[in-house]
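Asks: Below is a structure I'd like to ask you about.
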């Protein structure tokens, strides 16, 4: 599995602000989008381009253009919605596929409850977004679902990842790419990432 921890100063600064205990919903939501945008920039750096000729202001000019790769952004409900717009800033024509999976707070196991996926998944790059990679259960279940529908090319973007989740994800899906803003220390007994961000979904939606 390709693992990239994006260490750009802007990413580190913005993530540091998100860790503040008293951060308000508006600021947390804005920063989730901004870091999602920066992670997308990094994750799409290997997209193929081709030369095409267009009519410029002074006649024909040869330019680079993305080589017809279809993209779908896949937010995992509900917290993943907080990073979706960051992806769409760079790939505004991307289709949106939605997967609903929540974590049982007692067993920590993923429980699927909803899916609405783009067509032709086998032809698309799926960019899966979720702020936290904790145990990895929800992410693994989502990737299982996407692959069952024919998806072959997957990149995962998360704000914060725990070593335990990274290990589990690599064991289950070694062929995917994972981009994160930080690899944190560990999971606590409740399955939360330490130091982490707290409950990202509650902070994005203002329900904490």
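Just so you know, glycine gets a Cβ as well, placed from its N, Cα and C.
Summarising the annotation, Swiss-Prot assigns 5-phospho-alpha-D-ribose 1-diphosphate binding site to 78, 103, 130, 131, 132, 133, 134, 135, 136, 137, 138, 199 and lists sequence analysis as the type of evidence. Here Swiss-Prot flags 193, 198, 199, 200 as uracil binding site.
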Asks: Among 78, 103, 130, 131, 132, 133, 134, 135, 136, 137, 138, 199, recorded 5-phospho-alpha-D-ribose 1-diphosphate binders, what is the largest CA to CA distance in Å?
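Replies: Binding-site diameter by Cα atoms for 5-phospho-alpha-D-ribose 1-diphosphate: 17 Å.
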Asks: Between residue 136 (5-phospho-alpha-D-ribose 1-diphosphate binding site) and residue 199 (uracil binding site), what is the CA-CA distance rounded to a whole number of Å?
Replies: 15
Asks: Expressed to the nearest Å, what is the distance separating residue 78 (5-phospho-alpha-D-ribose 1-diphosphate binding site) and residue 193 (uracil binding site) at their Cα atoms?
Replies: 18
Asks: Relative to the Cα of residue 199 (uracil binding site), which of the binding-site residues 130, 132, 134, 138 has the closest Cα?
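Replies: Nearest in space to residue 199 (uracil binding site), counting only the binding-site residues, is 132.
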Asks: Counting other Cβ atoms within 10 Å of each residue's Cβ, which of the binding-site residues 130, 199 comes out lowest?
Replies: 199
Asks: If you run the three-state DSSP split on residue 193 (uracil binding site), which class comes out?
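Replies: Its secondary structure by DSSP: strand.
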Asks: What does DSSP assign residue 199 (uracil binding site), in three states?
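Replies: Reduced to three states, the DSSP call for residue 199 (uracil binding site) is coil.
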Asks: So what sits near residue 132 (5-phospho-alpha-D-ribose 1-diphosphate binding site) in its own chain, CB-to-CB under 8 Å and at least six residues off in sequence?
Replies: 79, 158, 159, 160, 161, 193, 196, 197, 200
Asks: Taking the mean position of the Cβ atoms of 193, 198, 199, 200 as the uracil site, which residues outside that list, in the same chain, have a Cβ no more than 8 Å away, listed in sequence order?
Replies: 131, 132, 160, 192, 196, 197, 201, 202, 203
